[in-house]
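Participant: Below you will find the structure I want to go over with you.
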Amino acid sequence: MPPQKATLASFPSTSDESCHEDCTNPEITSKVISSPTPIISPPATLCTLVMIDMISVSLVVPLLHQYYKNAGVHSAHQREMLSSLFSSSQIVGGVAIGALSDLGMLSRRRVLFLSFLGSAVSYALIIGGGLRQLICSRVIVGLVKQTMTVSTSLMAQYTDTTNRTVWMGRLGASTTAAWIVGPSIGAILYRHVGEYVPAAAAGGLFLVNSLLAAVLLPSDDTNSSKTKNDSSCGNDTANVNKKKLNLSSFFANLKTCFSSSTLASVVISLLLYGWVARTTSYANMASFYEEKYGIEPYARGYIKSYQQGLNLLVQSFFVRTLLSVFGGERNSACIAAFALSLATLCEVHATFPIFACLVCPIVATSVEMISVSLRSLLTQVTPKESLGSVLAAMDVLQNAASVTVPFYRTVLFRFLVKNISGKEDEDASMMGDPDPRVWLLSSFVHWAGFATLVSWLLFSRKHADKDEIKEKKER
């Protein structure tokens, strides 16, 4: 079973930091930042807000396929186009909000409010049940959903070098915990209360989040940033130059990603991982679980919670040990990729107990090992002064790659139905979806190809680097 998403959005972008710590005037900054002691510290508030936000999202996402069907989406092509629309909106929204932030029109705190309130409107539109409302819902949430990006930036602002790592870890733990409990709650509400109750509850939680942010978060985000700029840079000319630089920074960041062959190999590996994970995902295939395992639609929420619990278990107790056993990040990423492809092949004829007890644990372990190993490699091979630029570019590149996935999947669906199955899957609730077993075989081919290509990328560059170092020493 391929993972639903992979990700680099969790990487914090340092490109919006206003100045270097060594040139900040502590007297001026302290006057601006000083405020009455909050009820809850800003870092703890951010963790709370992120957890509520992710619970809201996880209430609905496992049930999206059902809302699609209720709205009149009856073909795989229509569903994939909706996914592409969402991904495109994410890119447009990220660029627009970033530009407004650079111009001083939106502070990070205001972006957080925009994310919460826009998401509340988006999820409320789902309750309408119509196709137009659903399209508007996906566009709106794509444009405004910047919760993790801005929360990471605010966490960097509210912490210092002595406690930042701890709070960043808690921020990630908040997300994982939310995805463990949220899908199950959504499944219970869907089954026992009403079909659209999860969407209504999510919208209400987003409104609650807005109120909590207004009460608990400091209101000096913009002022503190402005003061830091004034005190460190000395004049308005430096700020103007910084804004001009930000407007064209993407191309410079992109160039940095491919500044060396070693860095380029890791960047390409990460992009391939995200692309293959999205391509092979069956999370939104309308009747995959129902056909393959004979379960009810709401049970997807329970499965998602179980899978996230496994991910947390692997993260907490096994990643470090496995990295040591496998002999480093490169070996771990390649071994995990091949294990993931074999788990996908095993799922082709798996019963539900085998899926739950064997396939899911292997997938959870493999996904975490690939993700952690490649991210760790990225930080190792990227020059320290360029890390922020590379991470910012990776975020945009992944969003751009995700736009292509629905188009590729649509073509792949047609190929599988016409040339492999030979006929439409009569049991599929959406026209154009392939038979689950055929899809899993296709996923196995994709993951096996990924494992082979990534092994070549990572180890060919490793040997090339060793040869270059040896030649330099001989000279």
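For all residues, glycine too, the Cβ spot is worked out from N, Cα and C.
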Participant: For the record in TrEMBL, which of the ranges 171-190, 311-330 is the transmembrane segment one?
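Facilitator: Per TrEMBL, the stretch marked transmembrane segment is 171-190.
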Participant: Of the ranges 1-22, 221-242, which one does TrEMBL flag as region 'Disordered'?
Facilitator: 1-22
Participant: Near the transmembrane segment (196-217), which residues from the same chain, at least 6 beyond its ends, have a CB less than 8 A from one of its CBs?
Facilitator: 38-40, 42, 45-46, 48-49, 52-53, 55-57, 59-60, 63, 67, 109, 112-113, 116-117, 119-121, 123-124, 126-127, 129, 154, 185-186, 189-190
Participant: What stretch, picked from 43-64, 111-131, 171-190, 350-374, 438-459, has the most CB pairs under 8 A with the transmembrane segment (252-276)?
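Facilitator: Highest pair count goes to 438-459.
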Participant: For the transmembrane segment (43-64), give me same-chain residues lying six or more residues beyond its boundaries with a C-beta closer than 8 angstroms to one of its C-beta atoms, as numbers and ranges.
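Facilitator: Beyond its ends, the transmembrane segment (43-64) has Cβ neighbours at 112, 115-116, 119, 123, 126, 147-148, 151, 154-155, 158-159, 163, 167, 170-171, 174-175, 177-179, 181-183, 185-187, 189-190, 198-199, 201-203, 205-206, 208-209, 212-213, 216-217, 283-284, 297-298, 300-301, 303-304.
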Participant: Give residue numbers and ranges for long-range contacts of the transmembrane segment (171-190): same chain, 6 or more residues beyond its ends, CB-CB under 8 A.
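Facilitator: Same-chain contacts beyond the ends: 10, 46-48, 50-63, 66, 148, 151-152, 155, 197-198, 201, 297-305, 308-309, 311-312, 315.
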